[in-house]
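**Student:** Under the heading active site, proton acceptor, Swiss-Prot lists GLU91. Taken from Swiss-Prot, the feature domain 'Radical SAM core' applies to 102-337, supported by sequence analysis. Under the heading disulfide bond, Swiss-Prot lists CYS109-CYS342, citing sequence analysis as support. Marked as [4Fe-4S] cluster binding site by Swiss-Prot: CYS116, CYS120, CYS123. Under the heading S-adenosyl-L-methionine binding site, Swiss-Prot lists GLY169, GLU170, SER201, SER223, LEU224, HIS225, ASN299. According to Swiss-Prot, the active site, S-methylcysteine intermediate annotation covers CYS342.
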Amino acid sequence: MTDILNLTYEELEAFMTAELGEPRFRARQVWQWLWQKCARSFDEMTNVSKATRARLAEKAVITWPEVETVQKSADGTTKFLLRLADGALVETVLIPSASREGTLRITQCLSCQVGCAMGCTFCSTGTMGFERNMTMGEILGQVLVARAHLGDSRPDHPILRNLVFMGMGEPLLNLNEVMRSLRTLNDEFGLSFSPRRITVSTCGIEKGLRELGESGLAFLAVSLHAPNQEIRKRIMPKAAHWHLDDLITALESYPLKTRERVTFEYLLLGGVNDGIEHARELVRLVSRTKGKLNLIVYNPAEGDPYDAPTPERILAFEQYLWSKNITAIIRKSKGQDIKAACGQLKASELQRGTASAGADAPEA
């Protein structure tokens, strides 16, 4: 059986014509039902003939992730633990904010791998190890779950406004499925997200950077977190295989649109990378590119190997960057009361023994 959510539009068109003997326009109808109307069954596709729906049901399935756990923070952040068809667990987070007009808008943080191979020592997902890549259908299934949860089926005026590939996994190590996902996200007859509303975050893997940039399908964010190679080796051991100097050199020629900048994510770890000497090194790196900095304050949980930086060090770090004409914004952490950081909810479920593969999952 073909999981139809794993097909690009071109693949769906070929499936409909070759496998079902349908005219090409039928693929467009099915495609819009899948991605714009969030259909979970072929029976919902009321402008498709019953005979065609029956043939679709014989040869294809629509597989959404099942919702295992939902947690909502006092600040409105909502975290989902999702079970995939093979029992694997991934997380996605909905982060609310208000527009300038005061209307609600949601940013969704997406996972692209089950686990992660990068082994970053400050990240809960990094301690779990890597299981497998997610498919396009599994990646985009997170968006379908979010839209269903929000009652958001209005492509002309959606509540779900922005998508960030900053959940579990390294996008550039699953480049093929991530790129397939981005094309469907950008498709005006698909999920219809503007590239300006999508950000792909990488630990700094050079391979795939240029392909992502030349595609124009999303903005780029780089999880930097270290001002020099020595600290990078210590806190991001796998990412350190790609030297910082080589990464910055690659970013110097990264294709950017007018007024577009690379966003550098920098997690402030108390006593590790939050000193003025680190800020000086950071300026030397970032000033080589058209970049800006998001400063993230580490929020330790019990048993974590790092401490939060003091307010004084945070302020001094930020002010030094601004004094050197580096745009630096302290990003507010949300969902701290529900373990909204990457991998924390899955880790807590595993510790309780409720997330074993193959366990029964409730309906979404």
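Any Cβ shown, glycine's included, is placed from N, Cα and C.
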**Student:** Quick one: of the recorded positions GLU91, CYS109, CYS116, which has its CA closest to the CA of SER201 (S-adenosyl-L-methionine binding site)?
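**Tutor:** Its closest listed neighbour, by Cα, is CYS109.
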**Student:** Sorted by position, what residues of the same chain at least six away from LEU224 (S-adenosyl-L-methionine binding site) have a C-beta under 8 A from it?
**Tutor:** GLY204, PHE264, GLU265, TYR266, LEU282, LEU285
**Student:** Could you tell me the C-alpha distance between the residue listed as 'active site, proton acceptor' and GLU170 (S-adenosyl-L-methionine binding site) in angstrom, no decimals?
**Tutor:** 14
**Student:** In whole Å, how far does the CA atom of GLU170 (S-adenosyl-L-methionine binding site) lie from that of CYS116 ([4Fe-4S] cluster binding site)?
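**Tutor:** Given the Cα positions, GLU170 (S-adenosyl-L-methionine binding site) is 7 Å from CYS116 ([4Fe-4S] cluster binding site).
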**Student:** Would you list, in sequence order, the recorded positions among CYS109, SER223, HIS225, ASN299 whose CA lies within 10 Å of the CA of CYS116 ([4Fe-4S] cluster binding site)?
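**Tutor:** Near CYS116 ([4Fe-4S] cluster binding site) by Cα: none of them.
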**Student:** What is the separation, in Å, between the Cα atoms of SER223 (S-adenosyl-L-methionine binding site) and CYS109 (disulfide bond)?
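**Tutor:** Computed Cα spacing between SER223 (S-adenosyl-L-methionine binding site) and CYS109 (disulfide bond) is 15 Å.
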**Student:** SER201 (S-adenosyl-L-methionine binding site) has how many other Cβ neighbours within 10 Å of its own Cβ?
**Tutor:** 22
**Student:** Please report the distance from the Cα of GLY169 (S-adenosyl-L-methionine binding site) to the Cα of CYS109 (disulfide bond), rounded to the nearest angstrom.
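**Tutor:** Cα to Cα, GLY169 (S-adenosyl-L-methionine binding site) and CYS109 (disulfide bond) are separated by 12 Å.
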